[in-house]
Amino acid sequence: MAQLALLLLSLFLTLISLAPPGASISSCNGPCRDLNDCDGQLICIKGKCNDDPQVGTHICRGTTPSPQPGGCKPSGTLTCRGKSYPTYDCSPPVTSSTPAKLTNNDFSEGGDDGGPSECDESYHNNNERIVALSTGWYNGGSRCGKMIRITASNGKSVSAKVVDECDSRHGCDKEHAGQPPCRNNIVDGSNAVWSALGLDKNVGVVDITWSMA
């Protein structure tokens, strides 16, 4: 019995001596029992080496994809004529110089949008300086009748009135004249808006910035 105990003790000491120094050091998400098992500034959290939230290190999270600008992510998809389009309930935050895409819209009866403008249930003359805003910016109609200031990359600016929503949630139907859902960063302007900015509406889409006037 004494010989067996001596043999087991000898085996245990041999195993310890064979373990190289630092063999237990783990990197991100490696196994650990305490912070001594983790490399550098990492600490042991729930049996895995990870960043120390109190220190604020980002060693393990450094490769995590950054969130989309403005934190606005697609809420779903719609398929129009075999092509999928993202839908949105939100738009990027409005600032004193909000980046956007200017598109052209026909606000007259039978025009691009199908139905009358959301704000007043009326059709409009395209000689008016008017716009439709993406769903998030339209904000349930809270910007109806308000003026926004649009600035083109050529330096020209124009004030235009919000009369409609560029629907980012729905599309591909009769109500939307078969068009896909609007992107979440659209200012859909009348011919008069494009003309005042010195832009060719046939270009289709141009980069602008806008703010509340």
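Cβ from N, Cα, C; glycine included.
Residues or ranges marked as signal peptide in Swiss-Prot: 1-24.
Residues annotated as disulfide bond in Swiss-Prot: Cys28-Cys60 (among others).
Look at Cys44 (disulfide bond): DSSP puts it in a strand. Residues or ranges marked as disulfide bond in Swiss-Prot (evidence: experimental evidence): Cys32-Cys44 (among others).
According to Swiss-Prot, the feature disulfide bond maps to Cys38-Cys49 (among others). The 10 Å shell around the Cβ of Cys49 (disulfide bond) contains 23 further Cβ atoms across the protein chains shown.
Annotated 4-hydroxyproline per Swiss-Prot: Pro65 (among others), in sequence order.
As annotated by Swiss-Prot, 4-hydroxyproline applies to Pro67 (among others), with the evidence given as experimental evidence.
Per Swiss-Prot, disulfide bond is recorded for Cys72-Cys90 (among others), and the stated evidence type is experimental evidence. Under the three-state DSSP scheme, Cys90 (disulfide bond) falls in the coil class. Take the CB of Cys90 (disulfide bond) and look out to 10 A: across all protein chains shown you find 18 other CB atoms.
The disulfide bond annotation in Swiss-Prot covers Cys80-Cys172 (among others) and is backed by experimental evidence. Within 10 Å of the C-beta atom of Cys80 (disulfide bond) sit 15 other C-beta atoms, taking all shown protein chains into account. In the three-state DSSP classification, Cys80 (disulfide bond) falls within a strand.
The region 'Disordered' annotation in Swiss-Prot covers 91-121. The list of residues near the region 'Disordered' (91-121) in space but at least 6 beyond its ends in sequence, with Cβ under 8 angstroms from a Cβ of it, reads 69-70, 72, 128, 130-138, 141, 144-145, 150-152, 162-166, 168, 174-177, 179, 183-191, 193-194, 197, 199, 201, 204-212.
Residues or ranges marked as compositional bias 'Polar residues' in Swiss-Prot: 93-107.
Annotation for Cys119 (disulfide bond): spatial neighbours Gly141, Cys144, Gly145, Val162, Val163, Asp164, criterion Cβ-Cβ under 8 Å with sequence separation of six or more. What Swiss-Prot records for Cys119-Cys144 (among others) is disulfide bond, and it gives experimental evidence as the kind of evidence.
In the shown protein chains, 17 other C-beta atoms lie within 10 A of the C-beta of Cys172 (disulfide bond). Swiss-Prot lists Cys166-Cys172 (among others) with the feature disulfide bond.
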Cα proximity to Cys44 (disulfide bond), best match among disulfide-bonded residues Cys28, Cys38, Cys72, Cys80: Cys38
Spatial neighbours, same chain, of Cys72 (disulfide bond) - Cβ under 8 Å, 6+ residues apart: Tyr88, Cys90, Ser91, Pro92, Gly136, Asn184
Distance [Cα-Cα, Å, rounded] between Cys172 (disulfide bond) and Cys38 (disulfide bond): 54
Cα within 10 Å of Cys38 (disulfide bond) - qualifying disulfide-bonded residues among Cys28, Cys32, Cys80, Cys166: Cys28, Cys32
Least Cβ-crowded entry, counting other Cβ within 10 Å, from the disulfide-bonded residues listed as Cys32, Cys166: Cys32
Cα-Cα distance linking Cys49 (disulfide bond) and Cys32 (disulfide bond), given in Å to the nearest integer: 6
